[in-house]
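Per TrEMBL, these features apply:
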- 23-426: domain 'Major facilitator superfamily (MFS) profile' (DOMAIN)
- 20-37: transmembrane segment (TRANSMEM)
- 57-77: transmembrane segment (TRANSMEM)
- 89-107: transmembrane segment (TRANSMEM)
- 113-130: transmembrane segment (TRANSMEM)
- 151-174: transmembrane segment (TRANSMEM)
- 207-227: transmembrane segment (TRANSMEM)
- 248-270: transmembrane segment (TRANSMEM)
- 282-303: transmembrane segment (TRANSMEM)
- 315-333: transmembrane segment (TRANSMEM)
- 339-361: transmembrane segment (TRANSMEM)
- 373-393: transmembrane segment (TRANSMEM)
- 399-418: transmembrane segment (TRANSMEM)
Amino acid sequence: MALPTSSTATTLNQDQKKSYLFPFILVTSLFFFWGFVHNLDPILIPHLRKAFTLNYLQSSLVDFSVFIAYFVMALPAGFVMRKYGYKSGILLGLLLFGVGSLLFIPAANTREYALFLGALFVIASGLTFLETAANPYAALLGPKESSTQRLNFAQSFNGLAVVVAPMIGGRFILSGTNLTEAQKAAMTPQALDAYLAAEAATVKGPYLTLGIIILVVALIFALTKLPEIKEEEGKPSSFAHATRHKHLIWAVIAQFFYVGAQVCVSSFFINVAVKAANISEIAAADYLGLGYGLAFMVGRFVGTFFMKFISPNKLLAIYAGINIVLSAIAIISSGMITVYALIGVAFFMSIMFPTIFSLGIQGLGSDTKIGSSLIIMSIVGGALLPLLMGRISDMTGNIQNGYIIPLVCFIVVLYFGWKGYKVKST
């Protein structure tokens, strides 16, 4: 069964033609798992900020450690896929994901912030392999004309994780105890040390459980035969060859700014909700899951439906324009209006990653795998832009001012949906 993704056809091996359904279901499960661990990060950031008495810039190193891995590991992930296939990339990704999760135990026992950051880097290295493989694989498992809808559907389960992860993380990681500086100053050194140790230790159970589950999933993948999509002979792919595609370059730029926006909005959500609306961190975590997360998940399904009637690029541009307005409201508003504006941002962000990705790999042919790697590399925006947002928040003393960063990011996404998506090669 042919899978024409471009002028360069793609085919399946004869003995692997039977069905795309089960492989698609199995690969779609990965979208949930990496979405789950990503959406524990907005819980980790305020939690580790408290456990290690960090400022906003220091706590944003959580995002830096995660998303810098995408930049470092994306090309190696692409190499593994080109040489050994999508399944090998998925297996290696799951192993790194599982091992990194288990590293949270020694990190918590030693109470070294650097070890937490190292464990997050290992997890994110695994996620890089998973996303580099699973995004194009899901898009290619079916007709070319429905690839964007198919990828948005798979990404909807990533949206489900946005709902579930904050609720679980909020219950099992956040203690709900927030001591003021005066209260901590009044404690004996031994009592303060015990308090901070107890805060650091709450991560062990959730990440141990997650690590075991992911290693079991890796075993299931190892024992399952997946169809391997192979490009037919054509022009050799290379970095230079892939960058001839102007729409791919714009997709890389748009994805850099989109991921930066998403991480900025979600990672500081709990902090801004506590400050602006004067609610507890556990209540803020519930708003992150049931409000922000549910809006993100529903937005994915609604967006997939809308794409039957509106072209993906137009819907992307419309959603980006709405988010520019909502980001401005989040900056200037107060109370629950700020929280509701950010929940609205989540709904309209929902389709952006898969839509940018799918539009970016259109017509790449033999350059699809390296093009996928380049788009995954652009996720480094999630490492760099939150640092800038944290710096703005520390300098101005108001975390809401930092939301100027997502506002600018959505302007770039709007341009990609308006003009940058058009398939052009030099």
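Positions of Cβ are set from backbone N, Cα and C atoms, glycine also.
Here the structure is a predicted model, which means the values were calculated and not measured.
Here the transmembrane segment (20-37) has long-range neighbours at 90, 97, 101, 123, 127, 130-131, 134, 137-138, 141-142, 150, 153-162, 164-165, 210, 213-214, 217, 220-221, 224, 226-227, meaning same-chain residues at least 6 beyond its ends whose C-beta is under 8 angstroms from one of its own. By the Cβ criterion (under 8 Å, sequence separation of 6 or more), the transmembrane segment (57-77) is in contact with the transmembrane segment (373-393), since 3+ such pairs are found. Averaged across the domain 'Major facilitator superfamily (MFS) profile' (23-426), pLDDT in this predicted model comes to 88. 89-107 is the stretch from 89-107, 248-270, 315-333, 339-361 with the greatest number of Cβ pairs below 8 Å to the transmembrane segment (207-227). Between the transmembrane segment (373-393) and the transmembrane segment (89-107) there are fewer than 3 Cβ pairs closer than 8 Å, counting only pairs 6 or more residues apart in sequence, which means the two stretches are not in contact.
By the Cβ criterion (under 8 Å, sequence separation of 6 or more), the transmembrane segment (248-270) is in contact with the transmembrane segment (399-418), since 3+ such pairs are found. By the Cβ criterion (under 8 Å, sequence separation of 6 or more), the transmembrane segment (399-418) is not in contact with the transmembrane segment (89-107), since fewer than 3 such pairs are found.
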